[in-house]
Amino acid sequence: MTLRAVVTGVGHYLPDRIVPNSEFEKTLDTNDEWIRARSGIERRHFAAEGETTASMAAAASRAALSMAGAEAQDVDAIIVATSTADLTFPSAATMVQAELGMTRGFAFDVQAVCAGFVFALSNANALILSGQARRVLVIGAEAFSRIMDWTDRSTCVLFGDGAGAVLLEAQDGTGTSADRGILSTDLNSDGRHKDLLYVDGGVSTGTTGYLRMQGNQVFRHAVEKLAATATTALERAGVSASDVDWVVPHQANIRIIQGTAKKLGVSMDRVVVTVQDHGNTSAASIPLALSVGHARGQIKQGDLVVTEAIGGGLAWGAVVLRW
């Protein structure tokens, strides 16, 4: 028998405040048509005062645990993928651990910006396969509205806040691609491109800073690298793009999503798209899309799913799993 890390629960949380594109017209030289044409985004959610990355992560986690019929005390580990932790330390994951009332196991954060959830899933898979954990909560949560430069129309209209979570559990499989669970992963980074997407603050500056992005350069890297990492992960799983039921990409920009699908040879009716409603929620975007796709009845048990993401660093990767 082969051990597999299987998704048994999924959930998400979105703040109540919905911000349509038209709201930016009041303060910026932009409009709804311009934003939609360049990104596919129509609206996004922003966290309220008092809402935090950790509180959103905990809410998404409760939904995932509920779906799985599990309690917080059943969980061995929590991994939170985020670039907007509430404090420098302790980690967002330990804050979630406390909020859920989990008094055992361990918790830590992963920071790979928009690729963070893919990196966190890979880490969780390794923990399960090595026998260090049997149940792992994997969460992507972000409050990007708090690192926006509201005078920069090229970035502030793109991002939103929210959280998504999955519960991974160890289950026995047959060792074939028919197994439920994570079948393969592929992770990459290249620090030579660190200046393409970054925040200009941190402990070295004594400021929180703002997100800065060379959008055209990021786009040029994104489609090529996303298609390549997805192809590598599919090959490692012993499957091909034609076998895939659903591509669940990082929801950064509809043009990147469409370009990557075309390069993979996958039609858009097999791609879960939520960018129009959520904007770019960075590490939260894939678990949000998984949860929404499942709730819509798109993603069903037994479906072959590939997720792929790229973020600042640059860091990029993909995970192939059977739901």
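Here the Cβ of each residue, glycine as well, is placed from N, Cα and C on the backbone.
Here is what Swiss-Prot says about this protein:
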ACT_SITE  Cys114  active site
ACT_SITE  His250  active site
ACT_SITE  Asn280  active site
REGION    251-255  region 'ACP-binding'
Intrachain neighbours beyond the region 'ACP-binding' (251-255), with Cβ under 8 angstroms and 6 or more residues off its ends: 38-41, 114, 158, 219, 222, 273-276, 278-281, 285-286, 288-289, 310
Helix, strand or coil at Asn280 (active site) [DSSP, three-state]: strand
Which same-chain residues, if any, lie at least 6 apart from Asn280 (active site) yet have Cβ under 8 Å of it: Ile41, Cys114, Phe144, Leu158, Phe159, Gly160, His250, Gln251, Ala252, Asn253
Number of Cβ atoms other than its own within 10 Å, given for Cys114 (active site): 32
In three-state DSSP terms, the structure that Cys114 (active site) belongs to: helix
Secondary structure composition of the region 'ACP-binding' (251-255) [DSSP: H/G/I, E/B, coil]: 2 helix, 0 strand, 3 coil
Per-region confidence, the region 'ACP-binding' (251-255) (mean pLDDT, whole number): 97
